[in-house]
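Engineer: Questions regarding the structure given below will be posed in turn.
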Amino acid sequence: MQGGRVTERRATAAPAIELRGISKAFGPVQANKDISIRVMPGTIHGIIGENGAGKSTLMSILYGFYKADAGEIFINGQKTQIPDSQAAIRAGIGMVFQHFKLVQNFTVLENIILGAEDGGLLKPSLAKARKSLIALEKEYGLKVDPDALIEEIGVGKQQRVEILKALYRQAEILILDEPTGVLTPAEADQLFRILARLKAEGKTIILITHKLREIMEITDTVSVMRRGEMTATVKTSQTSPEELAELMVGRKVLLRVDKAPAKPGAEVLLVDDLRVTDEDGVERLKGISLKVRAGEILGVAGVAGNGQSELLEVLGGMRPATGQVSIKGESIDLTGKRSDGQSRRSRGIAHVPEDRQHEGLIMDFAAWENLIFGYHHDPEYQANRLLMDNSDVTQLAARKMERFDVRPPNPRLTAKSFSGGNQQKLVLAREIERNPDLLLVGQPTRGVDIGAIEFIHKQIIALRDAGKAILLVSVELDEIMSLSDRIAVMFDGRIMGERLPSQTDQTELGLLMAGIDPDTD
Amino acid sequence: MEKMPKWADAVLVPLLSLLMAAILSAIVIFAIGEDPVAAFKLMVDGALMRSAGWGYTLYYATNFIFTGLAVSVAFHARLFNIGGEGQAMLGGLGVALVCLYIPWPHWTLAIIGASIGGAIFGAAWAFAPAYLQAKRGSHVVITTIMFNYIAYSVLNYLLVNVLIAKGSMDPATPKFPEATHLPTFRDMFSTADTILFRGSPANVSFFLALFACVFVWLLIWRTRLGYEIRAFGHSDTAANYAGISAVRITIVTMLISGALAGLMAVNTTQGEAERLILNPTEGAGFIGIAVALMGRNHPVGVFIAALLFGFLYQGGAELALWTNIPRELIVVIQALVILFTGALDNMVRMPLERLFLAFRRKEAR
């Protein structure tokens, strides 16, 4: 294979993978409907689709986790049965899952041979594995210390271990499920370089993602899935992000956020020398100072884990801190009884937390119960002094759900039965409908499909245009760049610098995110 | 999407579990050379066919409603209160003190006073484990169990050394004054011609138990406190986000739970024994766990499960009385019911869920 170019004459090379007419249903839900796909050897093939489009189901069938109801699988032109993952490995398929399957207190080497030990004795197989591991690392430029413990290496390295695991088992076809979800932009770039190298060495790669940019950057061909069906397979060079988005969602999608210039007003949030020390005694915020004015969005960028979460949590009343914070000129308590979430809400602060499944929503509560969560003491929701007015709240909820386009608009469904995007709309509906002075938003579109992203962004802009102050935290640089009126970059618990989106670019922000100030060099 | 309809989860699963427990019990009875059909008939006859049998069944059920509700309320906050036994014992002490040392003019006032006394003492006994859990993270399962033993020893000491009736050899308080005696079902439902519930201990506190069911239902599903309890039970991180205090919810929930367990003493100590005796709970605190499990922590479910266990208690007593089936075997049968309805719940649920899914797929085609 040269350069991974797709050969036009099919007779010369059989596809590395061919699926014919794959169908799979879970109860009444048709997850995959008559899917056919051909992936040529030595290419990177992207599979893109919204959450729930059936991408993961399809790959699980290929890896032997599910049995297809109908359809055939061909590997290198040979019809192949894949009843379990062992069979998939024998057929030369390796899978790198979104959530790594590594033993935290084992070394890299131990993890790699886990399940592929030969013989009952560990020592000889470890020695053998070490040799082939070093060979593999050389061949593909995948540097990892074989004796490091998994818990001591970063996520980017852990992902490499997963890839090495597959290569050690002689995988010729690698499937990666949303591999960049946990990576920093720099780590993602490194991953892409590794994938290009693997491709050059003749491996076939299937990349599952919902990020258009990754597809455009690295794949040779791309298949789009929507509602269990394969809607198109095209050469990447002959398509555009706009076209792919339309194929994914089934209608025209605005990828860029349309917004008028901000008209900032008075200062709403003033933070001065904010410090947080966590349970382990580690200082997470090391003197943060910032301000947000009415009618503007301050975007806080940074690699996850540099204090952005703690900043939101302190302002949202979820953890104590020291320093000065004031809202509209009046200072708020950072410790003690009056520093909890309810006190914050009474001061006009609304909070869309980073983790909607564990913080923003109670997954087993009905939508109507979730729509008053945190505001449940509000007199508006009470029937009398003792009892809550459940039926009235349910009706209110139905109206809010309609305004925020939550589908299905049934307030009696539990939160967990909604898709990620609709769950996020529930949280936004609850927080925005309270008409707060300041909105804290963490990762507003994490795990949210494209159609809903557009809607969520519009709502945030609309709130800004209504003259409210917004503090936005996101690890998606694109999101920060397109929504923010000002950008603050956090690194290691400090603010590295502030930039205007019109006067900066991804490179400069990336340097700041890595703790390097380009101006001082 | 729900895996199976609600009615199947609430009715079919416990019914099938019960059926399996019954079949296994029948095999055990058959194995020791007795006739399972005759034994079952005897249980039904003894517990349900005569009003006196019902009088016992409902008496036991009353206890189990209180302890079942106690476990349920705590469980909504994901707190596993195993201390119903000790809290009910202390409730007995509260009831006894109120009945002995306050001169009540009439039982209607006495039952109010005794309820308050029992509830306060039960709640107080739950406070220490609650506080330790909330502030120190000491697991409430461990501490409530330990407090059961402490409760037993405290009661033992007080009955032997302090509260014992003068000149008596029996470690029990003197009989409560006449005015505190609660009307039994016999007093309430017998007419001049027919005497109902003869000799059975069921009394007016059964209605107190029904009232407690309504109270718990309102508390959990209609009040702000219940909302916060459930929210905290489902997700403590989300509760923190919403500004719901973990310390407050843990302590308040355990106090309510302990109070409900303490209320059981109105039935046993004031209603039946009319004095405080050693071991006034007879394991009802533990049965409450099974009742709550089987009743899915819902007051209606708790009520039905309590009736079932009341029947098992009374029917079991009949078996021990009239057959050669040893008393221990009755405990085995009760254990089987607990095992199947509680611990082995998934054994029935999972095949059923698969069945329902398969059924739906067929319909969808």
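From the backbone N, Cα and C atoms, a Cβ is placed for every residue, glycine too.
Because TrEMBL annotations are produced automatically, they should be read as predictions rather than curated entries.
Just so it is clear, the model here is predicted, and its values are computed rather than measured.
The transmembrane segment annotation in TrEMBL covers B:12-33, B:53-75, B:87-104, B:110-128, B:140-164, B:204-221, B:241-265, B:302-323, B:329-348.
Can you tell me where each of these features sits in this structure?
Structural biologist: Listed by sequence, the residues of this chain that lie at least six past the ends of the transmembrane segment (B:110-128) yet keep a Cβ under 8 A from its Cβ atoms are 81, 83, 86-95, 97-99, 102, 104, 143-144, 147, 151, 179-180, 182, 204-205, 208, 251, 254-266, 269-270.
Distant neighbours of the transmembrane segment (B:140-164): 74, 79-83, 85-87, 89-90, 92-93, 96, 100, 125-126, 128-130, 132-133, 170-173, 254, 276-280, 285; these residues of the same chain sit at least 6 beyond its ends, with a Cβ under 8 Å from one of its Cβ atoms.
Sequence-distant contacts of the transmembrane segment (B:204-221) (same chain, six or more residues past either end, CB-CB distance under 8 Å): 58-59, 61-62, 65-66, 69, 72-73, 76, 107, 111, 115, 182-185, 188, 229-230, 256, 260, 263, 266-267, 270-271, 298-300, 302-303.
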Engineer: Select the range from B:12-33, B:53-75, B:241-265, B:302-323, B:329-348 that forms the most Cβ-Cβ pairs under 8 Å with the transmembrane segment (B:87-104).
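Structural biologist: Going through each listed stretch, the top one turns out to be B:241-265.
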Engineer: Could you pull out which residues elsewhere in the chain have a CB under 8 Å from any CB of the transmembrane segment (B:241-265), counting only those six or more residues past its ends?
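Structural biologist: The answer is 62-63, 66-67, 69-71, 73-74, 76-77, 79, 81, 83-84, 87-96, 114-115, 118-127, 129-131, 133-135, 140, 208, 212, 216, 219, 225, 228-229, 231-232, 280-281, 284-285, 288.
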Engineer: Which stretch from B:12-33, B:53-75, B:302-323 shares the most C-beta pairs under 8 Å with the transmembrane segment (B:329-348)?
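Structural biologist: Ranking B:12-33, B:53-75, B:302-323 by Cβ pairs under 8 Å to the transmembrane segment (B:329-348) puts B:12-33 first.
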Engineer: Which residues of the same chain, at least 6 past either end of the transmembrane segment (B:302-323), have a Cβ under 8 Å from a Cβ in it?
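Structural biologist: Residues 14, 18, 34, 38-39, 42-48, 53, 56-65, 68-69, 72, 210, 213, 287, 290-292, 294-295, 329-331, 333-334, 337, 341 contact the transmembrane segment (B:302-323) from elsewhere in the chain.
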Engineer: Under 8 Å between C-beta atoms and at least six residues away from its ends: which parts of the chain pack against the transmembrane segment (B:53-75)?
Structural biologist: 45-47, 81, 84, 87-88, 140, 184-186, 197-203, 205-206, 208-210, 212-213, 216, 219-220, 229, 233, 253-254, 256-258, 260-261, 263-264, 267-268, 272, 281, 284-285, 287-289, 291-292, 295, 297-299, 302-303, 305-307, 309-311, 313-314, 317-318
